[in-house]
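*Asks:* Sharing a structure with you now.
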């Protein structure tokens, strides 16, 4: 068996990726989220596949088909809520994974990091289109509002929006194409994740100290396989608790009302994991400016490696940078809260200040703090 594992062309790839992979001996539980994201993707693809067997992407029957899944299909309610809450778990793991990358300087692996940013965009696009499919009120109006933002693009904006809609409003054509894209994108995400791993294994994993770990490597199996299994068990515990005890905790009650183009909900807002970006979008009074800020709020991740001014890789031994990092985390939580609030005083000004602070921290304050730390260490 050992021989086959190391000689068979397919088994060799698996062996070099998950069994005999040399891994740093000191990577903490913050390194568990990569495997958890893989599990999330598998759960989403499987539950999504079973949902697609019963779902109809037609405006007249989409809402009814989701109701039918929940009421009449064996364990349909379980599959539906695993899929919906699985998306929330996916984003929790994503945010923690990206946060880990920023804290420990993993972004210095440029190829891996850039593919990761691309993956983040792809997953966000997938989640947005998936939210439209149940064809509830928030599905319809969320799709209308977010796609309409593209009309802010000069000259081609209006034509672009109508081209995406497949008509003059969000309708049957829009729903059908969103279903098609929502089905295909996770497989593209899986392929990109493979490339992400390929690039990572070219360099090997980073570790909390940010120092080279070539002198102290251990095999991935059994040490990190057992550690990943513990992470997966905790993940399953949280996901099943969420699904079985409060499946609608993170959803919007408006989505239990069928889509009605003649009736606008009082507060249109996306799912919780987009609220921070939505808050940044709303904090700018100009439409095009808001759209640019929205895109840049994620795209700013791609410039983080260029702004690394510290002589150390990780933040483990940099208290100033640590303080700014946790202020950034608090700021993102503030933006998430603001994104779910109505557009009125004092939420408007809080959102604007939090948006300014977000970009200021990443683009200005953190690079300056790194230079200051270099100076204090006389480097």
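Using the three backbone atoms N, Cα and C, a Cβ is placed for every residue, glycine included.
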*Asks:* Which range, 12-32, 33-53, does Swiss-Prot list as transmembrane segment?
*Replies:* 33-53
*Asks:* State the residue range annotated as transmembrane segment by Swiss-Prot; the candidates are 267-287, 288-308.
*Replies:* 288-308
*Asks:* With a cut-off of 8 Å between Cβ atoms, can you find at least three pairs linking the transmembrane segment (288-308) to the transmembrane segment (113-133)? Only pairs 6 or more residues apart in sequence count.
*Replies:* yes
*Asks:* Are there three or more C-beta pairs under 8 angstroms joining the transmembrane segment (113-133) and the transmembrane segment (226-246), sequence spacing 6 or more?
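*Replies:* With fewer than 3 qualifying Cβ pairs, these stretches do not touch.
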*Asks:* Look over the recorded stretches 33-53, 77-98, 320-340 and say which has the most C-beta pairs under 8 A to the transmembrane segment (113-133).
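*Replies:* Result: 77-98.
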*Asks:* Among the binding-site residues listed here (83, 97, 182, 196, 201), identify the one with the smallest other-Cβ count within 10 Å.
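*Replies:* If we count Cβ atoms within 10 Å for the binding-site residues 83, 97, 182, 196, 201, the smallest count is at 201.
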*Asks:* If you measure from the Cα of residue 97 (heme b b566 binding site), which of the binding-site residues 83, 182, 201 is the nearest?
*Replies:* 201
